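Asks: Have a look at this one.
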Amino acid sequence: MNKRVMGFAAFGAAAALMLTACGGDGGEGGGGGGNGASFDQGSTEIVNPSDATGGTLRYAISSNMESTDPGNTYYGYVWNFSRYYARTLLTYAAAPGQAGTELVPDLAAEMPEVNDDGTEWTVKLQEGLKYEDGSEIVAEDVKYAIARSNFGDQALPNGPKYFQQLLDEDDYDGPYGGDDPLEGFDAIETPDDHTLVFHLKEPFADFLYVLAQPQTAPVPADADKGEQYQSRVVSSGPYKFEDDYTPGNGLVLVRNEEWDPDTDPIRTALPDRITVEEGVDQNEIDQRLVNGELDVDLAGTGLGPAMKGQLVGDEDARNNLDNPTTGAHFYVNINTKVEPLDNLACRQAVQYAVGREGIQRAYGGDLGGQIATQVLPPDIPGADPELDLYEAASGKPNADKAKEKLEECGHPDGFDVNIGVRSDRPAEVDAVEAIQQSLAEVGINAQVKGYPSDTYTNTQAGSPDFVAENKLGLTYYGWMADWPSGYGYMSSILDGDAIKEAGNSNISELDDPEINKLFDEVISVEDPEEQARIYAEIDRLVMENAAILPGVFQKSVIYRPDNLTNVFFNPSWHMYDYMTLGTTETE
Amino acid sequence: MTAPLDAPESAQHAEPEAIARGRRDTESRSLTQIAWRRLRQDRVALGGGAFVALLILVAVFAPLLTAWFGHPPNQFHQDLIDPATQGVLKDPDDPWSGIDPTGGMSAEHLLGLEPVNGRDLFSRIVYGARISLLVAFLSTLLCVVIGTVLGIVAGYLGGWVDTVISRAMDIFLAFPLLLFAIALAGVIPDDAFGLSDNALRIAVLVFIIGFFSWPYIGRIVRGQTLSLREREFVEAARSMGAGTGYILFREILPNLVAPILVYATLLIPTNILFEAALSFLGVGVNPPTPTWGGMLSESLAYYTVAPHFVIIPGLAIFVTVLAFNLFGDGLRDAFDPRSSD
């Protein structure tokens, strides 16, 4: 599973509301919250809209920040937060709901242009943009930033390496070697100070999403200190570091007067100061959020179990909660090679036999996850929530249909199968135990095999040889995407060409010619609606193949303090959009 | 934990001295008889021993016990659980009744229920005792066997043999055991050595724990052997032409039984904790088989809604380890004649 927490908006809002008769209707003024907001309102609309500036916006996080360096991070919260001081070529629109998954120009003057064969992308920068020291932001600084985070042995370790995989560049070994840091780096051209031309090895449909990564935030070469650059990132956004940052000591941002709001489509820059406290215990963060002594839990993953348990049962407190999806889909791979699951009817029998309610319970019922009936999470274009080939939406098993299918596949009394799971993840173990009981009802005897999560994705479930030797017909798994597109989400787990010897993510070893062909085709399709149609088609084919047993789309429970203004959940980040937040707290 | 380093040495002194003083009334008692007399007077140790015996009975008759109480260890009781908080409801008929702080303890479910799926905790604790004790006993047996053989050989032969074995002990003691365990669990397939599934997992646990704990016993046995080999009865045997094997296992080994027994008793609780640690790291037996360590590791995710789920397996481990330790301590005192009679 990809490390970064990203995903898609709050489709589950409606389901969550059914839990209680008094949770409000998702509209204005639903309940008894301090300012008239209602349960889960922030998932779909802006709560406490405001353009009042001033005050101090207070963040806290239970660990240290992964890094403050936009070039050295793979955590969604840093991608979201670093935009305060690091503008990227493109970014996501500041809007709730699916509108928030749309890409908009940030440093760029307009959306990039691509040549006919899809291998050459041209990006124009806005002119006159300045760093905090008043010097101008030029195209070469963006190129340098991409070089330091992607190329050579000393490339910054934390972030993904998409540019390195995609750019048509063979022999460039990073900026830290010779005298001229960009010597030999030809895959990105900078014909003038405001133009970047990217040359790709082959067409890549989702390249625009790659351009929205924080790695595209400009870094002046003479300010770069490798990993130490995080101590003072040269700001291109509305805020700059007040003092040098030392990991563990927290971060204070103050206004950057060189930033011009007219050039910026997404940042409201309401607070005067922004503070981040690091290493605060999760329970303390939650308590201080409730007390109004803190505005945002920076990690964006929601309340810890203690406070969550306390608040979800409290009718008044619920109005301060949002319950969006996290973008993670937890599902079971049904291997298409292991007997007897190489037989389609046997796979379908498993689909019918498993009641999804048992899986949902492991994540905390309706608040913890929404029952999935297809592969694509609900807010990725192409996701079709109506797609439910195995009548899974009810959450109940369908034993009669399962037995019919068992008959059809020649195992009327059931069969033996192994199911792999990460045994140090309690929720996953609980889910698998529920699946085991469901399967036993129709005579399918599933033997649970537990493995350490450290090695699971690489050596056990991630190795087709291991899966074959140990007859791991079923494997419990979870998946999140780096960006909200069907290709980004599905290609590694469903494309037959993506099957690998180790670290394999297409664990069901689905190698369907029709699906593979669609993946090849969609790369050169430009029309988003046509793309979405193809993703929906792939999803349907996968479900017809019964290669994935959808489980739940995970949801988090986030506390939204009354003092926070302009709050909404952005499905691209899977957390509140930090760039628009304001506070009534003036400290 | 301290080792009963010198118990039998002084025991060997005891009898000749007694003879020299002419206290013939004690002459007829063997070391074991003396020890047993002492042990009988040590109520704390006896209590520990009784608890251990009870535990073994519970483990052996686990199916009878759970059948009597009517809840198989893997049976779900989801109707008693609140899906949102995952804790046990105060009133199963009212989904808004809140979490029962006792975790659903009642006459029906003596120790309450697990969160999420609502399995009966009493049944799981009873069944968990089987795995925990089995792994602890077998692994202790393994390290006693390896440790005794290598320790006695090293101590008696000395020279380069001693050097090699002693350095091997140092290496084993310095080995990063938990990392090794995780790596091994990743390498060993699910069918190997003619075993499969949980039998194999248990064998691997026993192997890991036993194979890396033997130097503790080995060092003690070696130390004892070093002094024993200089004794008259060994020299006598040697002068009468006894072979090395005979001397090692017929002359020296019987004199080592007491410290080995004592130390093994003290090693068992360490190994119970070890099994818990390995289960905690995800390299234990497969779910849904209950083990104390596995339950403890799962419970931490739910400690706020089900504190009893943390406390009960923790308490089971704690009390068992304590009982073994008390019994082991008593045994050591009993075998050590220097302690007051």
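Even glycines carry a Cβ here, placed using N, Cα and C.
So TrEMBL lists the following for this protein:
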type: COMPBIAS; residues: B:12-26; note: compositional bias 'Basic and acidic residues'
type: DOMAIN; residues: B:129-328; note: domain 'ABC transmembrane type-1'
type: REGION; residues: B:1-26; note: region 'Disordered'
type: TRANSMEM; residues: B:44-69; note: transmembrane segment
type: TRANSMEM; residues: B:131-157; note: transmembrane segment
type: TRANSMEM; residues: B:169-188; note: transmembrane segment
type: TRANSMEM; residues: B:200-221; note: transmembrane segment
type: TRANSMEM; residues: B:260-285; note: transmembrane segment
type: TRANSMEM; residues: B:305-328; note: transmembrane segment
Asks: Under 8 Å, at least three CB pairs between the transmembrane segment (B:305-328) and the transmembrane segment (B:200-221) (pairs 6 or more apart)?
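Replies: No, since the transmembrane segment (B:305-328) and the transmembrane segment (B:200-221) share fewer than 3 Cβ pairs closer than 8 Å, they do not count as touching.
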Asks: What else in the chain is close to the transmembrane segment (B:260-285), if you only count residues 6 or more beyond its ends and a Cβ gap under 8 Å?
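Replies: Non-local partners: 1, 3-4, 7, 131-133, 135-137, 139-141, 143-144, 148, 178, 181-182, 184-185, 198, 201-202, 204-205, 208-209, 213, 216-217, 220-221, 291-294, 296-297, 317, 320-322, 324-325, 327-329, 331-332, 335.
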Asks: Which residues, given as numbers and ranges, are at least 6 beyond the ends of the transmembrane segment (B:169-188) yet have a Cβ under 8 Å from it?
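Replies: 150, 200, 204, 208, 211-212, 214-216, 218-219, 277-278, 281-283.
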Asks: Which sequence positions outside the transmembrane segment (B:200-221), separated from its termini by at least 6 residues, show Cβ-Cβ distances below 8 Å to it?
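Replies: Contacts with the transmembrane segment (B:200-221): 3-5, 131, 134-135, 138-144, 146-148, 150-152, 154-155, 165, 168-170, 172-173, 175, 177, 180-181, 184-185, 188, 190-193, 256, 259-260, 263-264, 267, 270-271, 274-275, 278, 283-286.
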